[in-house]
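Record features (TrEMBL):
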- 4-119: domain 'Tetrahydrofolate dehydrogenase/cyclohydrolase catalytic' (DOMAIN)
- 138-290: domain 'Tetrahydrofolate dehydrogenase/cyclohydrolase NAD(P)-binding' (DOMAIN)
- Gly164, Arg165, Ser166, Ile234: NADP(+) binding site (BINDING)
Amino acid sequence: MELIDGKKISMEVKQEIAAEVELIVKAGGKTPHLAAMIVGHDGASETYVAAKVKACQMVGFKSSEFRFEEDITEEELLAEIKKVNDDNDIDGLIVQLPLPKHISESKVIETIRPEKDVDGFHPMNVGKMVSSLPTYLPATPAGIVELMKRYKIQTSGKNCVVIGRSNIVGTPMSVLMSRKAEYGDCTVTLCHSRTKNIAEITRQADIVIVALGMKEFLTGDMVKEGAVVIDVGIHRVKSDKTKSGWKLLGDVKFDEVAPKASFITPVPGGVGPMTIVSLLQNTLLAAKKEIYK
Ligand SMILES: Nc1nc(=O)c2c([nH]1)NC[C@@H]1CN(c3ccc(C(=O)N[C@@H](CCC(=O)O)C(=O)O)cc3)C=[N+]21
């Protein structure tokens, strides 16, 4: 079993991005600028946005945070997004999800200009992805692909099972793994809450990508010997064994699955750090105007 070290790979990619930013700035180009909007005071969102700000600093990007109270109206939030759309200094914008119930996520996503949608959530960019056109790939799936590429994991012709059909992970992940591109080329099965006999399906998988948001869902008996296992889940649970009193668990029962896996991502230190790196990569593409000229 080999552990896929997302922390280490994310550092390597950040160094590559930093080197490129340095060249761009030396040549008189624009410093890439990523903006994040966050509504309310959710703990996990705070951690994530703080990590994003730190990552921007590491690679030499400018970053901005826009914070709003839980009771901001949808109209007000959309107006704020339009301001960022028109701000020529800002290359990329992400609006931290989930949003309070009175705000429509799809309206928010559709208000972000596709040129600045570095999450890759706008229907225009989703459509381009599905059509194999150049676009910003959704951050988590793109990070997973980057990890598997760097560990030289062969995917062509393999059986890939994705568990979870969210717009931000499961659905785009299944698209990326199935398409005929320089990576992917798998036979993909997308499982979800209505799937029958899920263990029977996952036992056929050469690659299992688990993104359903249920703590320790994938158990040892559900995977075959030698499978590649990618854990997208992140759950904070109480623990009396750690200094902070908390620990993180994934969607995979790590201790049972790891001994059977050929490669496996840990939580933390697997997929999470790569999500942030993908946002940086997309922001660099946005600053260079490589997707939308
Ligand atoms: N518009 C939007 N875009 C997102 O990309 C987005 C979002 N909303 N909402 C929430 C999810 C979640 N997400 C994570 C990113 C990094 C870590 C990460 O760095 N995790 C560390 C641990 C961090 C910790 O200690 O909590 C790790 O796994 O090693 C986790 C989760 C991005 N998301």
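A Cβ is built for glycine as well, from the same backbone N, Cα and C atoms used for every other residue.
Nobody curates TrEMBL annotations by hand; they come from automatic prediction.
Projection of TrEMBL feature records onto the structure.
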residue	record	Cβ contacts under 8 Å, 6 or more apart
Gly164	NADP(+) binding site	Gly170, Cys191, His192, Val210, Ala211, Leu212, Gly213, Val232
Arg165	NADP(+) binding site	Thr171, Ser174, Leu190, His192
Ser166	NADP(+) binding site	Ala211, Gly213
Ile234	NADP(+) binding site	Ala44, Leu248, Gly250, Val267, Pro268, Gly272
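Site extent for NADP(+): the farthest pair of Cα atoms among Gly164, Arg165, Ser166, Ile234 sits 16 Å apart. In the predicted model, residues of the domain 'Tetrahydrofolate dehydrogenase/cyclohydrolase NAD(P)-binding' (138-290) average a pLDDT of 97. DSSP gives Arg165 (NADP(+) binding site) a coil state; it is part of no helix or strand.
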